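Okay, so here's the structure we're looking at.
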Amino acid sequence: MNRSRWIALVAVVLVVAAGFWFVKGRGKKEAPKYRTAAIEQGELTASVSATGSVRPVIQVEVGSQVSGTLDKLYVDYNSHVKAGQVLGQLEPSVFRARYAQAEAAVARAEAALKDANRQYARAKELVRDDFISQADVDAAEVQVDQRKADLKQAKAQLDAAQADLDHTTIRSPIDGVVIARSIDVGQTVAASLSAPKLFVIANDLRQMQVETKIDEADIGRIRPGLSVTFSVDAFPDESFEGKVTQVRLEPITEQNVVTYTTVIATRNDNLSLRPGMTANVTVLVESKENVLKVPNAALRFRPNMGGGPGMGGMGGRGGMGGAGGSGGPGGGMGGMRRSFAALVSKIVPAAFAQDGPPSAERERFMNDPYVQQVREKVRNGELTREEARDMIRKHFEEQGVAMPQRGGAGGPGGPGGAGGPGGMRGGDGGAGAPGGPGAMRGEGGAGRPRGAGGPADSSGGMRGGRGAWGGKGKGGAKPGTVYILENGKPKPVMVVTGITDGSMTEIKTDQLKPGDLVVVGLEITMPKSSGLTPPPGMGGPQFGRPGGGGTGGRR
């Protein structure tokens, strides 16, 4: 019997030791390893990128003002033409007949006018001899005026017939090149309310322009005279140059995005650019030489230095006759937990289904490369929902990857445990921890009473300030922070930022020099079984740890 007790005692000791070793081993964390980049000194160019279309400076659509059948065609695609040159000929027989009718009408009108003049002259002679009255003379004069009007009308109809006959000959209005033809010999041309397009002629292909649409967020930096470089897919290794000549005031709204057309003039002496080509445009807004510059990741990075707003732990329930234990101190979760819950709910729908951030923040979470990889693994059945949730939690809590959320100050602690029958009331919960430095902290509101004499509610608190992912700046000097390593730990250095080219940003500071190393992220070690690639390290407020609950009183 004693031997059995000893065996049981040894087993209990081993289990306790193993549990202690397991808990202690899990509590140890390796010191984070930081990725760094050297500060560079050199030229930096701020630019605006867009896409556009290559077009001739002058492009004319040639049509027909009369209907008919195309009888002759004198030009084809790529034909060089001069102003007034004949491009095609419609069948003219019908229009010649109309012209002949108009000529006959003019001849009749001339004859009628001649007869009216003769009648009027005779009437004036007869009135002198009192053979007719003055009224007859006046009537003869009216006839002359009418015949003159008829003659003018007939001549106008003759001119119209002549114009229609001339329009059967299609001529080029400008010097240029035929870049499009939409008619063949024998085809009928129907000119109704608008002239049909028969040819498209470009004036001079050695002078081209690029029409691009610039977003309203960038249009304020675009002005005539700025230098432009662009490329086309046909010649990916060749760069073309141009200058902004016009920024049109007309807004163009497509899918709730407002853009403005910007015209860029360029030379095309070797005729390599062709109408309709897609141009990848870069407008050079500003350029500086001999400036300090760092990767943009260095300005985004924030070390893992604490949590967001907290939620206190619930106090333990008091035992019979004893006082309840006090609530544990609040850890850093709060508003950041809310954003993380929405993220997990997108991947694991069963988890945190009642919580979620605004749609804009949720969209930013789902665009995170790491989250997309985890989501794909879940879809392919390579990870369970629980594994995905744990990996994302660990990723955002320990690896220093930025999350676009709104942080805030910690909420008050949880309520204490209620006293048992005959005992005293349980202790109050501990105060929540303040929000970390990654965001502008809000002030936590006081708990709301649940009832008369009852413990206070631990939830609440106003929403904190805006998270680390702010909107796009409009240019100009702005304060920023980069981190250098001092004794293996990140140390903040305040800088003033300048222009950026999208990957590097100008900084101004007396504390740094070219060659100094700045932190750009954390080295993320992923489990081999996950098969995932860690995303670039990005700074931002990190998750803290949830507060522990209080211990209840004993009976």
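In case you wondered, yes, glycine gets a Cβ from its N, Cα and C as well.
Just so you know, TrEMBL annotations are computer predictions that nobody has curated.
Residues annotated as coiled coil in TrEMBL: 99-171.
According to TrEMBL, the compositional bias 'Gly residues' annotation covers 407-454 (among others).
For 461-478 (among others), the entry in TrEMBL reads compositional bias 'Gly residues'.
Feature annotation from TrEMBL assigns compositional bias 'Gly residues' to 539-555 (among others).
Across the domain 'Multidrug resistance protein MdtA-like barrel-sandwich hybrid' (59-196), DSSP classifies residues as 70 helix, 29 strand, 39 coil. Annotated domain 'Multidrug resistance protein MdtA-like barrel-sandwich hybrid' per TrEMBL: 59-196, in sequence order.
Averaged across the domain 'Multidrug resistance protein MdtA-like alpha-helical hairpin' (99-168), pLDDT for the predicted model comes to 91. The annotation domain 'Multidrug resistance protein MdtA-like alpha-helical hairpin' is assigned in TrEMBL to 99-168.
Feature annotation from TrEMBL assigns domain 'YknX-like beta-barrel' to 208-283.
Residues or ranges marked as region 'Disordered' in TrEMBL: 400-483 (among others).
The region 'Disordered' annotation in TrEMBL covers 528-555 (among others).
Look at TrEMBL and you will find 6-23 tagged as transmembrane segment.
Per DSSP, the domain 'YknX-like beta-barrel' (208-283) is made up of 3 helix, 51 strand, 22 coil.
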